[in-house]
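Novice: Summarising the annotation, TrEMBL assigns active site, proton donor to B:GLU301. As annotated by TrEMBL, active site, proton acceptor applies to B:ASP374, B:GLU402. Look at TrEMBL and you will find B:27-140 tagged as domain 'Alpha glucuronidase N-terminal'. Under the heading domain 'Glycosyl hydrolase family 67 catalytic', TrEMBL lists B:144-462. As annotated by TrEMBL, domain 'Glycosyl hydrolase family 67 C-terminal' applies to B:463-686. Feature annotation from TrEMBL assigns signal peptide to B:1-21.
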2 protein chains.
Amino acid sequence: MPFRLLLLTLLMVAAAPLCRADDGYRLWLKYDLVADAGQRAQYRAAAQHIAFEGKDAVLQTAATELQRGLQGLLGQPVPVLAKAAAGSTKHGILLEIAPPTNVSGSAQTVLESYRIFSRGAQLVVAGGSGAGVIYGVFALLRQVQTGQPLAGLNVSSRPRIQYRLLNHWDNPNGTVERGYAGSSIWKWNELPQRLDPRYTDYARANASIGLNGVAINNVNASARYLTAEYLQKVKALAGVFRPYGIRVYLSVFWAAPKVIGGLKTADPLDPQVKQWWAAKSEEIYQAIPDFGGFLVKANSEGEPGPQDYGRTHADGANMLAAALGTHDGIVMWRAFVYKAGSGDRFKQAYEDFKLLDGQFAPRVLVQVKNGPIDFQAREPFHPLFGAMPKTPLVLEVQLTQEYLGMATHWVYLAPLFKECLDSDTQTKGPGSTVAKVVDGSLDQHRISGIAGVANIGTDRNWTGHPMAQANWYAFGRLAWDYTLTAKAIATEWTKMTLTREPQAVATIVEVMDKSRDIYVRYTTPLGLHHIMGQNIHYGPEPWLADAGRPDWTAVYYHKADSAGLGFDRTAKGSNALALYSPGVQKEWGDAKTTPLNYLLWFHHVGWRQPLPTGRTLWNELVTRYYTGADSVAWMQRRWATVQPKVDAALFADVAARLQIQQREAVWWRDACVLYFQTFSKQPIPKPFVPPTRTLAEVKTLVDLYQLK
Amino acid sequence: MPFRLLLLTLLMVAAAPLCRADDGYRLWLKYDLVADAGQRAQYRAAAQHIAFEGKDAVLQTAATELQRGLQGLLGQPVPVLAKAAAGSTKHGILLEIAPPTNVSGSAQTVLESYRIFSRGAQLVVAGGSGAGVIYGVFALLRQVQTGQPLAGLNVSSRPRIQYRLLNHWDNPNGTVERGYAGSSIWKWNELPQRLDPRYTDYARANASIGLNGVAINNVNASARYLTAEYLQKVKALAGVFRPYGIRVYLSVFWAAPKVIGGLKTADPLDPQVKQWWAAKSEEIYQAIPDFGGFLVKANSEGEPGPQDYGRTHADGANMLAAALGTHDGIVMWRAFVYKAGSGDRFKQAYEDFKLLDGQFAPRVLVQVKNGPIDFQAREPFHPLFGAMPKTPLVLEVQLTQEYLGMATHWVYLAPLFKECLDSDTQTKGPGSTVAKVVDGSLDQHRISGIAGVANIGTDRNWTGHPMAQANWYAFGRLAWDYTLTAKAIATEWTKMTLTREPQAVATIVEVMDKSRDIYVRYTTPLGLHHIMGQNIHYGPEPWLADAGRPDWTAVYYHKADSAGLGFDRTAKGSNALALYSPGVQKEWGDAKTTPLNYLLWFHHVGWRQPLPTGRTLWNELVTRYYTGADSVAWMQRRWATVQPKVDAALFADVAARLQIQQREAVWWRDACVLYFQTFSKQPIPKPFVPPTRTLAEVKTLVDLYQLK
């Protein structure tokens, strides 16, 4: 025995340098040994076995995951027993499917609900279905991972939103549109024969945060996913996800009946087209009985759609919903549409969709981005929220940081998501929050959904920036329960992922909590928007005036001139404000009462106009750019303090990215203050030191990132 | 102590499922414990310490790598000592820089040479420089990894070719042109602040197989690499590579003086252009003192070049060589050029470059692909080899399997590389092999080079297909010593990477050795070429007749008609054969004496023409397609036998890819025999069973992989 131990030890020493402890692959499911011996002993005493009965595949997955997690956390094997064999006297964990009674809400969320409670010596994790059990198991593991006691645990939880999806903008050639973490994790040429082990770890991660659906391909969709050849590949993925309670959805190419069906038209009212989609849907369900449904980007940014045939979005969506037949699927129809040269882009989705409210079939949800333009660092809530009471609306947010510094800026997005969810549309009086629109409670919808555009790729740590894992995590947690605070989520993620040392946790959470406001400050303060680099959306390009369309420029949005800055969307301007309910209009219609964070979204403000801060617009603008950039240095200092408490490789990684972020924050600051100064003709206010470079120099720097 | 050991053991158990033993990341540098205890004891006795003196960075790297390797292999720490402290009585390994005397050859290859021999109790690894030592150290580790004895070791080695480079076709946006293993491992937005640990492991792998240079960006080059901003990033990479004896090279965009220099022209004879390149070169060397030089694709496939200004390739290359000034750099100018509609593509590089022989400056090498078309599964050697005696020629081969099944076909490429290297150009009589052209010995060149287009990406195992690692490995080993056999290289790679069990090694090596011939059989037997899917080069598309240019179609190359099949390149046809030396012309000019493997490269052969095999062309063609596809099933059966001897995850991965390969081999077979049957009008000969599907059905299958 001593020899064997010695050998093991030697093996470990040998293997150590080759097996990095923390390359980020394990995400928040690290399951490292609980460091505190006393605490560990308590957990061990409570979890001497895992018991369950039945053959439910998700239940079995839950038991396996719990075993894996506890073995890592407790450092000892935890046997999985048949319920009968477990007995009732030894302390253990019992998993059971037991739908709760006396619970209102959609059938699905009841099935997904779980309770954790004690019954004699057993800690029971009871789920409304296998899915409920797996969510309960991950909640239990989280309890241990974050160092909470198990004794007296009595938890009951169910999701507030029914369809909780990641949307992958992954292309068949392996690239990811707006992806900054390597290439697509789906290996289409290997499927269905080869199943990358990563697919399973991906499913585990999603299940652990309560996500139950995945749209696997880009909304700018290829028709090939609907071919028999590719459906076999999709089926293989669905088979990996199913034991984790996750359903597969497909983004569809509207013209598929023409491209792969050989039809002359894709008119949704054409009988042959209807028949083609119905047959295709049937074919899909034969292969994937729990297929989730379709996600559609139509008549947007060059994609074909029903309007090509004089039909409406409702005509298109309803045809697809009918094609689903008796199967349990849905259609998520995206409202992200805007035409070239047809007025304020802010208004276009509203104008296209508002009048269709009431025309959509029961199983259609309209998917609306959080804001009216396109995933800017800060946007007012989309005016469609609250404006389509007869239609369930899916909230679409973006986890991949297309406009938020890609993979080199540390921006925790939960505050952005929360800001939108907590926004009060006032459409049914005060308290008509976006969250209540989305969860269906405001308008008593039977179905509800939320979608996050994934930030996942083949990078070893999944998300490029290690801290961007928190955005995936936070999205799932908020999709489950949007009442959680951004800080609470950051805290549990940090404890599970980075460190349990209290001071370090507090420091990291503080930085996370402020990071998005800091990003806004050094890029688009006071309601500036869409002034980033052309096409690649990297770095500042407020001077961009020539592009394929006016609404792809920057000057279209900031409207800087000698008088002032900002887009007048009041009645004197584009009148986009009229899309909101009267209460919102009243607050945002007056520059004096508009929150400063939204000011330039709605008003063209004079450079010398005093703001509530006591500064003029120009001075406030400059102040925010400078203090924003300075705050990145603060983030660096704060991060430096946690060095002893986090993994060394991870520390170095984040520290290096913060250096980049600091440098690029100064680019943004210099580019923007120098450019806007050409209009304001005013000096940089003290105590700030004017940039040492010229505007031309900054332009050159940004330009080179757009070279072929 | 027992408690500590127990804890370690528990930690190990806990960590085990999270740390896959063999995800392929470690490549052939696994350094797993030597299993045989007796053998291990011998190695331990011989390697009780590592000693060296001096501050040479590469020497220090060599010592660190040796320590790491031995600790893993021997399962015990091996101290690194100063030479003086090591003493002479204890058995250890002494690393020293000691340039050999009495050795001819280029100064650089002498510096890179190494000797391993015993001096008293010490095993000495002596290198001509630090680089020589590191190559010797990896040779020593290979000795242990493959289970060879150290006692009596007496080895002397130096590279036969001076510049041994990987060419990365990596783009600034992170994609890799013709890459099938994820995205680019270079993270440009993170550089120079963040150095991904992967860069170091990449450098280790290259050094371990003797590569000494890396062209880091696509030959379809972005100008941005030449900006001050990007040079800082390149400098950071160079800093990672330098301690491994690896120099950085840049692919340059010919029009850079216009695009980033603000000049009106990129004419190589323009004084301002010359000045711009000279200044740029100086700037590069200020940042990277050991910068290797420039790689250029000009006037090819739409890239700009000196011909845009009525200048020659020599004018362009010589201007760049002059721009290098007194620095130790070279220019590698690619000969891969072909114009639309200007006759047989086979001849064009020759026609453009042959007459320039003698006009290139001393530091210019012309880089020539192994064959005249483009990295087909089998090509005759490029006619430029031997035809430019006054110019050093770099042999360019492709490791990434653009035309060889991407990442789903197991094709060991060393036989392909060897076939080219061993080809006899006969330009200076028998024995004038391509290898002797390339190493410079045939024409007494001072410099020599070889380049492999990398097959590396962010996939965890680097190369997508696990077996494709062997192609990276074999390229390096052959670049060092092209006299090694493909089987010998396969054997050492297999032992280091997969298994040491003799029967399994023999089986795997047998499959590897045959894999390329098998691939040729089921895709392009008898000298067929360029009949793959358009653009993506995936799957068969022999029917392709419409493309942007005639020489991008398939029919241009196979010329199937009712009479027969093949491209007549004799004097009655395009006369491309005239580019070869008389002896080669004689053999290949007559269909009867042309090797069957090259037959259709040079002759249009009647369907009923009898071949030396005793079959007609049609029957031989069908036989090869069928036996080729059947051979993949044979590969599967052979692979199945090694299951107990290789890592389980790796076994499953390769087995699944073989399933895909089998399926796609049948596609190729069916597509090609059904298509060519429309010309031959003859039945599938017995005993082969005709395809059960129609040509239209196979076409549909291939077409869908090209859908948007």
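Cβ from N, Cα, C; glycine included.
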Novice: In whole Å, how far does the CA atom of B:ASP374 (active site, proton acceptor) lie from that of B:GLU301 (active site, proton donor)?
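Specialist: Rounded to a whole number, the Cα-Cα distance is 13 Å.
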Novice: To what whole number does the mean pLDDT across the domain 'Glycosyl hydrolase family 67 catalytic' (B:144-462) round?
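Specialist: When the pLDDT values over the domain 'Glycosyl hydrolase family 67 catalytic' (B:144-462) are averaged, the result is 97.
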Novice: Ten-angstrom check, please: count other Cβ atoms within 10 Å of the Cβ of B:ASP374 (active site, proton acceptor), all chains counted.
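Specialist: For B:ASP374 (active site, proton acceptor), the 10 Å Cβ neighbour count is 18.
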Novice: Let me make sure I understand the structure: which of the active-site residues listed (B:GLU301, B:GLU402) has the fewest other Cβ atoms within 10 A of its Cβ?
Specialist: B:GLU301
Novice: Using the alpha carbons only, what distance in Å do you get between B:GLU402 (active site, proton acceptor) and B:GLU301 (active site, proton donor) once rounded?
Specialist: 17
Novice: Name the secondary structure element type, per DSSP in three states, that contains B:ASP374 (active site, proton acceptor).
Specialist: coil
Novice: Counting by DSSP, what is the helix, strand and coil composition of the domain 'Alpha glucuronidase N-terminal' (B:27-140)?
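Specialist: So the domain 'Alpha glucuronidase N-terminal' (B:27-140) is made up of 48 helix, 24 strand, 42 coil.
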